[in-house]
Amino acid sequence: MEALSVEPAQANEHAQDHQQYASLSAHTTDHDSWLQAGLLLVTGFNCGYILSFSNLMLVPLGWTWGIICLGVVGLYTAYANWLLAAFHFIDGHRFIRYRDIMGFLFGRKLYYITWVFQFLTLLLGNMGFILLGGKALKEINSEFSETALRLQYYIGMTGAAYFMFAFLIPTMSAMRSWLAVSAVLTFSYIGLLLMVVIKDGKSDENKNYKLKGSKVDQTFGALGAVSATIVCNTSGLLLEIQSTLRKPVVKNMRKALGLQYTVGLIVYYGVTVAGYWAYGSDVSEYLPEELSGPKWVKAFINSSVFLQSVISQHIFVAPIHETLDTKFLKLEETMNSATNLKRRLLLRAALFAINTFLTAAFPFMGDFVNFFGSFTLIPLVFVFPSLIILKVKGKTARMEKKAWHCFNVVAFLFLAVAATIAAVRLIIDNTRTYSFFADT
């Protein structure tokens, strides 16, 4: 049976609480294959964000600690997500949202904390996507014109494109045919990018890999790099993705994770390492800015990045759409009924209008990655799963298993606090360097 089972005394205690965490949703559930979910994860995590990872993850750590960090965090996030997949069922009850499990086991306070952590992660991640798309459009324009518009105009164009896609393709399951397009765009731009990066790396024999700044700066930078590495491996919405899968749900989710942590990880780690190898410690926060070669190469890469981000960003904001749709749409009507179309239009427009404005005001790409990696993702991916295991199996588990999960809770809470301090410090430094609505 693919379920965790609570102890008998707890079963009676929690059974009466399950009704308030029922799996009612305006979006499609129990529909997709594991291959669709796997492709969604592979293309989603190989989005344009990977173009900033050389700068965010390896520059602060250098070769030795950088490779160690990539390996350890990759293995640990794979393990944590493997555990999370089993939480889709607890004592025979099915949960399609992470926050529902936390509320079921720990009460309303943890329900709302999980809700806030998830939505902060998704909203900040979406801001990063909007900024990424805006930078790609500006890079395309700069290749053919010396009078590029301010970055904020491109951010506005990106927000409008994301809104249109989210309105026309309302759910994750509805993305099925678009995932093939995303895969073609992903492997096309990454293949061409690697060719240029390797060529540039071979032609530059004076690359510098020294760490920058004081010891304090290097320490804070290392914590930020750990946060960024976590972000590149996980999203904190595994159970929401899992809810779309056909039975057997846990087995199918783990197959999809296997695809992400083999094919997917090899690609985004490959780009990260190649970018740092080619350009050293001076690698840009946005890798295509470094590329040599004809204009059409950079134009193609940036165009592909923009188009692929329109699709991939939808994966990471869909749980917010699901929450709003379940709350405000008429569930007795179809998703595309006249009433629901009007309501969906307003909900999507409001969400992207607010997020696009905030992105235009705070255009600091690295901050988004580091902050939501430290403050929200570390608890969601590493702390909460161990809390669930301790709650469900605490009285019957072996001593070494309880000790292991207690260690995870304490260690990763400490890491979350330290990394969040580092991320806030980076934000403060950037607000001193850049004004609001900076044309970065």
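Yeah, the Cβs are placed from backbone N, Cα and C, and that goes for glycine too.
TrEMBL annotations:
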| type | residues | note |
| --- | --- | --- |
| DOMAIN | 32-423 | domain 'Amino acid transporter transmembrane' |
| TRANSMEM | 33-51 | transmembrane segment |
| TRANSMEM | 63-90 | transmembrane segment |
| TRANSMEM | 110-131 | transmembrane segment |
| TRANSMEM | 151-171 | transmembrane segment |
| TRANSMEM | 178-198 | transmembrane segment |
| TRANSMEM | 218-239 | transmembrane segment |
| TRANSMEM | 259-279 | transmembrane segment |
| TRANSMEM | 345-365 | transmembrane segment |
| TRANSMEM | 371-392 | transmembrane segment |
| TRANSMEM | 404-428 | transmembrane segment |
Other parts of the chain folded back onto the transmembrane segment (110-131), taken as Cβ under 8 Å at six or more residues beyond its ends: 47-49, 98-100, 102-103, 155, 158-159, 162, 231, 235-237, 309, 312-313, 316-317, 319-320, 323, 355-356, 358-359, 362-363, 365, 368-369, 371-372, 375-377, 379-380, 384
The transmembrane segment (63-90) vs the transmembrane segment (218-239): 3 or more CB pairs under 8 Å: yes
Recorded stretch, among 33-51, 218-239, 345-365, 404-428, maximising Cβ pairs under 8 Å relative to the transmembrane segment (371-392): 404-428
Considering the transmembrane segment (218-239), which listed stretch of 33-51, 151-171, 178-198 counts the most C-beta pairs under 8 Å: 33-51
Segment proximity, the transmembrane segment (33-51) to the transmembrane segment (259-279), 3 or more C-beta pairs under 8 Å: yes
CB contact flag for the transmembrane segment (151-171) and the transmembrane segment (345-365), at least three pairs under 8 A: yes
Long-range Cβ neighbours of the transmembrane segment (178-198) (under 8 Å; 6 or more residues past either end): 36, 39-40, 42-43, 46-47, 50-51, 169, 267, 270-271, 274-275, 278-279, 287-288, 290-293, 297, 300-301, 304-305, 307-308, 311-312
Intrachain neighbours beyond the transmembrane segment (345-365), with Cβ under 8 angstroms and 6 or more residues off its ends: 52, 123, 126-128, 130-132, 134-135, 151-152, 155-156, 158-160, 162-163, 166-167, 285-286, 317, 320-321, 324-325, 328, 427, 430, 434, 436-438, 440
